[in-house]
Structures are given as C-alpha cells and as structure tokens.
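To start, I am sharing the structure in question, which I have written as structure tokens.
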Amino acid sequence: MEREPRASEAAPEAAVLFAWGANSYGQLGLGHKEDVLLPQQLNDFCKPECVRRITGGGGHSAIVTDEGGLFVCGLNKDGQLGLGHTEDVLYFTTCRSLLGCPVQQVACGWDFTIILTENGQVLSCGSNSFGQLGVPHGPRRCVVPQAIELLKEKVVCIAAGLRHALAATASGIVFQWGTGLASSGRRLCPGQTLPLFLTAKEPSRVTDAGELYVWGSNKHGQLASLAAFLPLPQKIEARCFQNEKVTSVWSGWTHLVAQTETGRVFTWGRADYGQLGRKLESREGWKLQSHDSSLPCSGPQKSMPSCLHCLTGAAEVSCGSEHNLAVIGGEGPASCPLCRVLVVGQLCLPPTPIPADRQLVPLTRPGREAHTRCRAGPKGGMCYSWGWNEHGMCGDGSEANIWAPKPVPSLQSSLGLLVGCGAGHSLALCQLPALPALGQHPKVTGPSPDAAESAKSQEAMDRETGRKDNQKLPLKAYLTGPEMGGL
C-alpha cells in the first residue's frame, strides 16, 4: 500500500524530452513526418534524467545517455543512423552495434555521423561521398559505425560540418577530414595551393595552437575577416571579445556564437533570418576581397562579433543551420571542458583547464571508468529561441522568423536543462515544475530584464526588416545549397 503524501510535500520534478520543427524524415522521433510548430513531448525511450547530449544533422537526430547509450532517428538514406540498414526511423532507437561500447559524444553532419567513445576512439557512419567518414579508401557509404584508424591519439572532442569533420586530441591538436570546403577554397583562392586538411579524406593535422581560430568560407562575414575564404586557421583577436577569453563556441551554417569566461555571449556572421539575435548596422561599404587577409575585426560591423546582452550567463547554446536555442538562467555558464563541445563546424577550441572554483562530480558506472561532469551553478534555466523559423523550429507556433531571443512559450513553466539543434529542427530536455504542496500556490518565474527587453523588440525588428513569409526558402532547397558552413 502506497503512503499518501504529506501536506508539506510536493510531487517530484520530472525530466522530459521535447521536439519540434522540420520533420520530413521523422527526425523528431514522434512517429510521423509532419512538421511540428510547438514543442511536443517524446515518449520515454530512455530515462530523460539520464540524457547527456542532444544533437541533430540534416535530417537525423542523436541522443547520448549518461550510461553511454546512443539513440538515433530520422533520415537514414546513407546509413547515417548506424543501424545496419538504410530505412528512415520515426522513433528514437538504440544503436545496437555500439552496445558494450559506451559513447561519450556524437556529432551529426548533413548525411553522416561521427561518434566518440569513452575510451577516446572515433567511429563514423553514413555518406562518404566527400571523405567525411575519415576512411580514405572506404565505400561510398557505411551503415554500421566503423573506426577511423588513422586517428592514433586519444580524442576528447569531435564536431561535424556539412561535409567535413574535426577532432581534438587530449594534447590539444586538431584534425580535419572531408573535402566539403575544397570547392569553395579553389574558387575563391585561385592559384593557391590549399592545405592538406581541406582536401584530405583522412584525418589531417590542422593546428596545435590555442585560442580561437577560424577558417573556410567567409561569404557572410562569419570568420570576422575581410577575406572571402581563409584556407589556413586565423586567430580572432581577444579585443573582438572585449579582451576576454573565449571558453565555448558554436557554429551555424553561416553564423557563429561564442561565450567568454565571464559568461558574455557574442554573435556574428549572416543575419538575414535573425540568426544573430540582434539588428545589424548598415552594410554599406562591405566588400569581401578574395586576396585580402586583413586582420580580424578590421572590417565593417557586419563581420565583427557583438555582445548579445540578453544571453549573458547562458548555461546552454545550440546552433542549427540558421536558428538557435539557449538556456538562460542561473549564476553563469555551466560548461565543462570534459562535457562541452570544443570544436564546432569551422572552428576549434583546444581543451582548457577546469576552473578551480568548479565542483566536479564523478558519475560512476559499474565496471567503467568514471566520467567527471561539471555541476557549476544552478541546474537549468529558461529555454530561448531565435532565427530562421520557416518550419517552426523556434517553437512559438508560427513560421515567422524570430529576430531577437525570446522564451519558447510552451516551455516557460519548465526548467531547460539541455538543448540541441539539427539543421531545421530542435530538441530540448526540460524539467517539469513540481506540483505545489497542498495549500500552496505555484511559484511563477519571469524572464530576466534584458531578455524581456529583447523579446519586446521583436515586433519593431519585424517592421524594420519588412520580411515576408514568401521570401523564405524551402528547407530542402536551402539546406542542399553550395555553402559549406557547419551544422
């Protein structure tokens, strides 16, 4: 017989996974292929409170649990789900080929997947048309994850772009493979010999230096340079970030988001869908120079990182192709170099030491090496979205672009814990509010003043930009274009 709750007790809080946005291939894991404009709760295919990472690719999604399990769903035409077949999957399904091989992190490209195991080994599956699997003489596609044997050092972090991938080792060296950026490089740097890592189908060393470096296509100023293409990594000077050290960086296709040691968040790059979360200054006088390698931040405002104050202290950030999610709340960023992505799209951040004031909690698994996760600061905050919204990926129930970060309406009463984006879809792990104790009223928490002010400016920005729904590009046409930004 169950004990009845006392009047002073509240029901326990429950963690729940939500999904919304583009769903042409079942990438939301909801069992159908219709776009979803509002967050919908996913069935408990795993214990939500054990979810460690959430991410997505062009049309597929992946979730990693604390136990090292990998769950996948969505587009599987090239075997990117690693399930041993090429049929689309409409519900999150465990990747059985990796049972007994705990996964630490997963990165999804357009049509391929890169997997990092807890012992530092890197595996890949999906399309290999551009050498993005890191297996130079392998087949055109692989339906079961296979090891990238040429990565000899222990890898601590991975990332995937549209048709290329990166890995950072424990010693801070970054490797890249896949030829997705090569065509842009040859076109924009005529007569120049491109470095091996842009043209190789096997892991090739990029750099072993520190700080924040960028390279690749700069069509929309996303590299904070006047050059049209940067074939070699170029450092973005600290003055671009108010002389603060960058601790985390995320990449969309043509825009970037970075967070500094004090929790400030900067955005730069393309902005015509609202993906920067702020209004741009005049673009007059902006002209990319094919052979000009001017110092970063020496160009017009369009190419310069600018602080987005309403995101200060964000605990989580994720970029889709042209939209973004963030968890805002608490006392500051709760990132951990062992848990947070260190390389994203066309950027790299070598591993950094854990601050001495962070509390480290070992998560022990029977028979396995314990993983240490940083528990700095309060857990969770409010889930915000902004940017391209043609398929409802911002979760506000509309298909109009969101020009400034604002709370996802139906998640305002929940505590956001983790967020993840695919090219055109969104996923979030939230903690539902505890039921109030008998005789008590639920506590209502509002957004921060800065965030509220930014959300208030949405209508004004819509009027100024004058964008119409019929100007938006279809998902399939837009996401298969020639641009080679990261996902």
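Every residue gets a Cβ built from N, Cα and C, even glycine.
Nobody curates TrEMBL annotations by hand; they come from automatic prediction.
Sequence annotations record features per position, and here TrEMBL assigns repeat 'RCC1' to 15-67, 68-119, 120-171, 210-262, 263-330, 381-432. Taken from TrEMBL, the feature domain 'RCC1-like' applies to 17-327. The region 'Disordered' annotation in TrEMBL covers 441-487. Among the features that TrEMBL reports, compositional bias 'Basic and acidic residues' is placed at 459-471.
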Any contact between the repeat 'RCC1' (381-432) and the repeat 'RCC1' (15-67)? By contact I mean 3+ C-beta pairs closer than 8 Å, pairs at least 6 apart along the chain.
yes
Please count the residues of the repeat 'RCC1' (210-262) that DSSP assigns to helix (H, G, I), strand (E, B) and coil.
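Looking at the repeat 'RCC1' (210-262) with DSSP, the answer is 4 helix, 25 strand, 24 coil.
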What does DSSP give as the helix, strand and coil breakdown of the repeat 'RCC1' (68-119)?
3 helix, 23 strand, 26 coil
